[in-house]
Amino acid sequence: MTQLVTDGSAGERLSPRRSLLHRLDVKGSPYLYIAPFFLLFLGFGVFPLIFTAWVSLHEWSLLSDEHPWIGFGNYTALWADPAFWNALWNTASIWVLSTVPQLLMALVLAHILNQRLRGQTFWRMSALVPNITSVAAVAIIFSQLFGRDYGLINWVLGVFGIDKVDWTANSWSSHLAVSLMIIWRWTGYNALIYLAAMQAVPKELYDSASLDGATSFQQLRKITVPAIRPTIIFTVIISSIGGMQVLAEPLLFGGNGLTGGSDRQFQTLALYLYEVAFGRFDFGYASASSWVMFLIIVIVAAINFALTSRLRRS
Amino acid sequence: MRRFTAIVPIMVVALAAAACGSDDGDNQAADDGPVSLTIATFGEFGYKELYDEYQKLHPNVKITERITKTEDHHKNLAAHLATNTGAADIEALEEGWIGQFTANASKFVDLNELGAGDIKSQWPEWKWNVATSKDGKTIGLGTDVGGMAMCYRVDLFKKAGLPTDRAEVSKLWPTWDQYIETGKKFEAAKVPGAHFFDGPTVMYRSILGQAPVGLYDGDNVVVDSNPEVKKAFDLSALAVTSGLSARAEAWTPAWNAGFAKGTFATLGCPSWMMAYIQTQAKDASGKWDIADVPGGGGNWGGSWLTVPKQSKHQKQAYELAKWLTAPEQQAKVFQKYGNFPSTVTLYEDAVIKDFVNPYFNNAPVGQIFSKSVSTMKPQYLGPKAGDINTQIINGLTRIEQGKQNPDQSWQQVLTDVKALL
């Protein structure tokens, strides 16, 4: 581009043909550069979205050749389906249990990593290690830790005289265990995002705060948090969306059972969707629930956005 | 981040599908040209040596096997059939899943059209009928059959002061009630670290498998009205509430470890369970033995080989499936791996009748399972049998976890099953 522009400024008159090419290049090529993403998004994002909507209006068994039209039948059935509401409640519970401590801990971790430390790079890299570990490996190891008879956690509880907990059996214990896996995987990731934002905060602010006798915690609260607020908003929205889609953790925690426990006590929305689609091959119903799930995520993200942008203005 | 992880498997599947579709150098008509056949199985079919043998007999054939976990295998197959691409030339189907596929038989080759009617008499009628759709299309040839026996730990029985000889052990429990009574005696002896049975899943399936009518009567789900289903549920619940369970949920790591550690003393044993025990507890040879199952007979499991319509080599695939399921080959698999043949002609044959398994204290497993299979009453498993069983087993697990009493649990099972239909 620069080449062409300098050519023009050199005074040579461009032929009409070349000038058209030039205009096309300037106006058109940026679209060409971003096209690969949008083409992929069209193929893997938009098309499945629309096709899923179409499927959700049919009685669509994966094994059958005939897919009769049933209008909003799947949606009305979903509205009356206790398993769906149960999954929604579990998802919300696990989301709160995992996201809140995860982001708070990430903030503190980032604050510590932002200090002058020996082996800085090593500590920063280690924060990301849980995130690059395969989710299946994490879930399997945590399932072992939370084992009823031979699990490490029950053994430690036993040392303090606390009875064995059957972690998969109850709602509270299973939600806690699943949340811990999510916290373990995503705390370091968020900490690094915070750390990047923190590096942009002017050092002088901290220096003068230290001179005034502010503690490290006060500095975090009064300087860092207000300064990196946009980043915090970003991570809240991203973890909310992620929290709505939790699948592998509850699936593997329940020993590959699709129902998420004997009473669906830790079945998340995504896991319910998986059960309907690949346990019962009922793609129509699964598509309807994935559309409802999509709408819920949009609503949650919108609420998030409204709340946090009010925070930003204040 | 997480959304992209979903795309990768899709692309892998798409690539694999493309790769599978491209090796169509020859067509249906050419019988003797070089052919490469894929066969998709799960668990352990014991075919490795047989492939070599077949390739020697038919130098133009090249066989590739794809082995997946049972659940995933059937899920993948459903997806491959729906998209009309990616299925192997031969696809194995398991008893618990085949009902879903015979209900949509048009995706498979009707083997009658390739002459399977001529070898029909190899199998008992029921084995043939399970793989046949309502409009008479036969989609699969029978491989193994589960049968049912009772595996028990000799060392734990000895510690509990119970008899250890398999004939005497069989006499302890002609009925399931007596099995539970024996369990109470075992628990009274307080053998450290051990309980009488693993957990309700296997026991429930073993009892249900003995009924002539199970979850389905024809097309109707009869969970709420069939006393046999309630009986299987009640007996398993009673065993749990009597404190006999080691609470090792089937197919979890705790259960797998239990075979070697000896956390449970008995376990319902279809023939394929022998292969499973031997892999889970390699060093426990001689500690496990096999007796008759309470209630007599029964069946759990067994598989079929099918040829999907999308296969480009239907005829050659059928020939291979026919050879693999022939009595001679089934006998070889049984001797090496333990999967019990489904072909009736073998049960009187010495290769089966006189076969003893050294791992299980030289138990005459050929005889035990011949007896079990020849007295079994074939049961129709409907298309949703797998999901219904999951709900019932979840109900038993709720009792075991102390969340509900048997009555509450059964009421919820009925609601949950109704929601599936």
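For all residues, glycine too, the Cβ spot is worked out from N, Cα and C.
Features reported for this protein in TrEMBL:
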DOMAIN    A:88-304  domain 'ABC transmembrane type-1'
TRANSMEM  A:31-55  transmembrane segment
TRANSMEM  A:92-113  transmembrane segment
TRANSMEM  A:125-146  transmembrane segment
TRANSMEM  A:176-197  transmembrane segment
TRANSMEM  A:227-248  transmembrane segment
TRANSMEM  A:288-307  transmembrane segment
Residues from the same chain, set at least six apart from the ends of the transmembrane segment (A:125-146), whose C-beta lies under 8 A from its own: 109, 113, 152-154, 167-168, 177, 180-181, 184-189, 191-192, 248-249, 251-253, 255
Folded-back contacts onto the transmembrane segment (A:92-113), same chain, C-beta under 8 angstroms, at least six residues removed: 120, 123-124, 127, 171, 175-176, 178-180, 182-183, 186-195, 198, 216, 220, 224-225, 232, 235-236, 239-240, 243-244, 246, 250, 266, 268
Contact set, same chain, for the transmembrane segment (A:288-307): CB under 8 Å, 6 or more residues outside the stretch: 49, 52-53, 56, 74-75, 77-78, 84, 88, 236-237, 240-241, 244-245, 269-270, 272-273, 276
